[in-house]
Amino acid sequence: MNFGKKVWLIGNSSEKSKKILNKLSKILKAEHFVFDDINPEIVISVGGDGTLLRAMHMYEYQLDRVRFLGVHTGHLGFYTDFTDEDLFEVVEALYDENPAQAIHYPLIRVQVSFTDGYQIVRHVLNEATIRRASKTMVGDVRISDYLFERFRGDGLSISTPTGSTAYNKSIGGAVVHPRVKAMQIAEIASLNNVVYRTLGSPMIVAEKDTITVCPAPEDDYSLTFDQLTFEYKNIKSIEFSLDGTTISFANCAHTPFWERVSKSFIGEVE
């Protein structure tokens, strides 16, 4: 039942998204849902996976008490289970939604430490990347306490299992099921020749391990946290770990992972 369930809607700048968001808002208000952007129970994204990622980061520090639901205004996405033609089904699903049956996906904790002792901590749903603006990046890569390699190339991407189908896949990474509690590190255009060597392939790193990148001192590093990009200098280290933080999706019409992969990259199989 509804009982005044608190929701909030987030869309993108497209006219179609604005139109669908407005229509869904009217339906939800008529059904006595409470609109609360400060402490929502469910955040509904109207757009694509990028809109859902933006919504997640808007509520990054409330993930322990917020669930998400995606309405796609184009085609089925990895984080969006409904289309713009399913608005009444969305409302019905929200009525029946049970928090105890939410679907949980792991997030990667990213801790950036600077040479002056300052630190920032973020969580990512898809991936985090590090690269330099226009020159070769050099950095030591540690797996837990072991110095694994000295990387040279354009950059590195560290992804979650759900994020393995995003940027990670485009740079040759493996697709990993979300039930596999692991991180994946993939190289971005690494240098491999008789002088410089890296592993040259993606790696699946176990849940108990950490990945630490210690980049060479430079002042033009670019870090991404999902779709958010920041420029930094004086970076001492970047540590990636699975600390148990998850994102929760309302279990309304959840599409199985391999079905999502097949529909997104293969299409109909005859």
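Cβ coordinates come from backbone N, Cα and C, glycine included.
Of all Cβ atoms in the protein chains displayed, 22 besides its own lie within 10 Å of the Cβ of Asp49 (active site, proton acceptor). The annotation active site, proton acceptor is assigned in Swiss-Prot to Asp49.
The Cβ of Glu127 (NAD(+) binding site) has Ile108, Ser157, Ile158, Ser159, Thr160, Gly163, Ala166, Tyr167, Asn168, Thr224, Asp226 as same-chain neighbours under 8 Å, each 6 or more residues away in sequence. Glu127 (NAD(+) binding site) falls within a strand segment according to DSSP. Swiss-Prot lists 49-50, Arg54, 126-127, Arg152, Asp154, 165-170, Ala189, Gln227 with the feature NAD(+) binding site, giving sequence analysis as the kind of evidence.
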Subject >> Neighbour-count leader, CB within 10 A, binding-site residues: Asn168, Ser170, Gln227 >> reply: Asn168
